[in-house]
Structure formats: structure tokens, C-alpha cells
């Protein structure tokens, strides 16, 4: 298979994360996590817009809010806030806080988040000051409109990739510090995940060789795409067999997350990072074409 990897214009993010394809706007939203910035790549214009959230230094994820074209749920520190942004202006404002978690754990912050196919928010935390492999103080949370926040999983090191498969009735989840992908049986009516099972293990022979799984997405065939931090690779995996179907190579090491998008939902968008003095083109956001796979549009928060 011959796929093609190309950079998006003006898409640099020191710690790019959380790509989300908004079908209505034909735009890819993502964050520059440690800059407190949101970015929007406009497919038709082939142009990237960036905004700074006033008063914020962290932005873990960005998810459009259903029914309001200028509102987005963003993870700022340990708060999930609603940000008002027109998609063009260089600054954006927090208009309200949806909820806060782990207020007593000042060294923690929200990391990756997604909405399930019904529009529920799943968001997880991690320790970002100190050793997150040693101090597993993270948790994975679920929030539903009109409801409260509930804990889906405790004892988490770095809460990361999330994906759902309605056909298989599965939820997939990555805690980076476990070096593996877990599947759960998932009830789409209640939003309850049960029966965790390891379906893909990235452990190597010694800890220094472990590949770190990060963000994740899924295609319409039910295959998962696992981004690897320090691995320069996205692994396409059959979750039923654990078999790697394809290794997608990128020109930089720190691959943080992936999401399908584009008019036909067949372009894989890839965020990367430039942590620990990684040389250029680290931090660039890419598009991968020619994969002969497609997925579903991102779901707005209900």
C-alpha cells in the first residue's frame, strides 16, 4: 500500500493533541496543549487558524458543543470549560465552567477526551508534574448533559486514546503507562463500560524500549489506529486478533493523536509534539492519504 504523508500549513503545535473533525464546518480542530491554544484547519481554504484562550495556559482537548456554532468544551487544567470562539479570531474567552475534577491534586491536569457516539463526554486526567509512571493519580470520567460527573476508571497513569465501535458494541481505551490498549463491552444506551480486556500490547523487552501508545481512532471496518509517542509510527490494528495490519511511518517521533476527516472521511489527520528539544518537523500536524480506509465524523458534545 502506498500512502502519502503531507504537512498541514501553519499547523505547528509544541504539544499538538486532540484532533476532532467537524463535518458541518469541514474543519479539523486540535490544541497546542501547553500553550493554551486552539487551532482550526479549514479544509476548503487549506488554511490553519489559531487562537489563544484568555487567561489559560493549558488546553487538553477541544470539542464542539452541539447547537452552538461558537461554543467548545475545552480541558483547561482540571476544569472542563466552555470557550467562545468564532474559529478565526486570535483570542477566545472562557464563558463558563462545566465541571472540575481532582481539585485537591494540583499536579494533575486533564489530558485526552472524546465524545461517545451519543454525545457523552469521556475525559481523563494525568499527573503532569513529577513521574506519571510512578504516581498513578489519574482517573477517567464521564459527563452527560444534565447529569453529574462519574468515575469510569481509577488508578490511571496517563489517560489517553479513546474510541468506540457501535457494531461490535466496544469501547477502546489507552492508559499510556500500561503500554497497551484495552477493550470494554459498552452499552450505548447507558454509557456503561465493563469487562476490560487487553487487546494490543506494546511492551518491549526492556522498559527503555517500551513504545508509548497515545491517541487513537477507529475506521468503519472496526480497525483501530494507535499513535505512538517516541515511536514515529501509527499502528493499524485489528482489535479482534491483535494483529498489526499496517505501520504508518511519520517524519517525526512524538506522534500524539489521530482522527479521520476530510469530505469523504478518508484522510487521517495526525498531531505531533516537539517535546524535549525534538528537531523540526516535530510539532507539525499532518494528513495521511491513500490509506483506503474511512471513518465517522467527530461527535459534538450534547
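All residue numbers here begin at 1 and follow the chain in the order shown.
Every residue, even glycine, has its Cβ placed from backbone N, Cα and C.
Because the structure is a prediction, the values reported are computed rather than measured.
Annotated features, as they stand in TrEMBL:
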type: DOMAIN; residues: 15-273; note: domain 'SMP-30/Gluconolactonase/LRE-like region'
type: BINDING; residues: 17, 160, 214; note: divalent metal cation binding site
type: BINDING; residues: 109, 111; note: substrate binding site
type: ACT_SITE; residues: 214; note: active site, proton donor/acceptor
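Each of 18, 111, 112, 158, 161, 174, 176, 215, 227, 229, 256, 257 belongs to the same chain as 17, 160, 214, is absent from that list, and has a C-beta within 8 angstroms of the C-beta centroid marking the divalent metal cation site. The Cβ neighbour count for residue 111 (substrate binding site), using a 10 Å radius and every protein chain shown, is 27.
If you take every residue in the domain 'SMP-30/Gluconolactonase/LRE-like region' (15-273) and average the pLDDT, you get 96. Geometry remark: residue 17 (divalent metal cation binding site) versus residue 109 (substrate binding site), CA distance 14 Å. Residue 214 (divalent metal cation binding site) has a Cβ environment of 28 other Cβ atoms inside 10 Å. Counting every protein chain shown, the Cβ of residue 17 (divalent metal cation binding site) has 27 other Cβ atoms within 10 Å.
In this view, residue 160 (divalent metal cation binding site) is surrounded by 30 other Cβ atoms within 10 Å of its Cβ, with every protein chain counted. Other Cβ atoms within 10 Å of the Cβ of residue 109 (substrate binding site) number 23 in total over all chains. Cα spacing between residue 160 (divalent metal cation binding site) and residue 111 (substrate binding site): 7 Å, rounded to the nearest whole number.
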